[in-house]
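Only one structure is covered here, and it is reproduced in the block below.
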Amino acid sequence: MKPTQAILAEILDEVRPLIGQGKVADYIPALARVSNQKLAIAVYTNEGEVIQAGDADEAFSVQSISKALSLTLAMVLYKPEEIWQRVGKEPSGQAFNSMIQLEMEHGIPRNPFINAGAIVVADLLQSRLSAPRHRLLEFVRQLSGDTHIVYDKVVAASEMMHSDRNAAIAYLMRSFGNFENDVIPVLNNYFHACALKMTCVDLAKTFSYLANKGVSVQTKKEIITPVQTKQLNALLATCGLYDGAGEFAYRVGMPGKSGVGGGIIAIVPGEMTIAVWSPELDASGNSLAGTQALELLSERIGRSIF
């Protein structure tokens, strides 16, 4: 079965009672102010069709979803060994901002989607691009077809003011020789990436290349190779949802990436990209109602990579 607007609207109605059972991220004040009632889903097919329900045209802070986009840019700019000698490909099983494992493993982060790994990717981008922030924004605008996408300066400033732990992570990696640039500019770029404001429709369009062997459905251009696409989807399936990746694979069965803004992107290779948004999070930092919506959609349309 193919997804329809009626199916999407029905799913949102079914998951709405979960609102009130999760917790909106409050360690970033600007995120804590977002209404917990927001609920959205959008599907972008490989034929270029958009199907949506709920608040799918309302922009929100994508947070860690941007880590998959930053990694995509790094994969374009670097040889594989240049990336993977500095960051691993394994699930961490730890909280996304944990430092214990990083110390034990000599400053090499487990994967590119926990904070430490994403900060290494930001460091890689800083080394190769004169204006990483501008390049990422340009990249996202092209992939989504939405020239109005911006960084939320309030969120970025808020994250910079509460950056002690991420700065500690960066300096710890530098002490092990796994950092090339000044920490503060790299963190600033990292926080701006997290502060991208996008809608579910924007996100579904932006990530269409992961459902289409590396070719953007929106621009018809190859972003990464089919092999790189397979590799990135594998990392999303194993590491994309913090320490809830196994649970997500079990329930939803799609490569995905979540953010503490309440968004999740999910990929059905060869067919479609799905974005959901509900700001309340579960204990792992993943959208509570969003995960349930993806599980229901996976069941209704009979799609899973497993």
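Cβ coordinates are placed from backbone N, Cα and C, and glycine is handled just like the others.
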Write down the one residue from Ser64, Ser304 that Swiss-Prot lists together with Asn115, Glu159, Asn166, Tyr190, Tyr242, Val260 as binding substrate. Ser64
Within 10 angstroms of the C-beta of Tyr190 (substrate binding site), the count of other C-beta atoms across all shown chains comes to 30
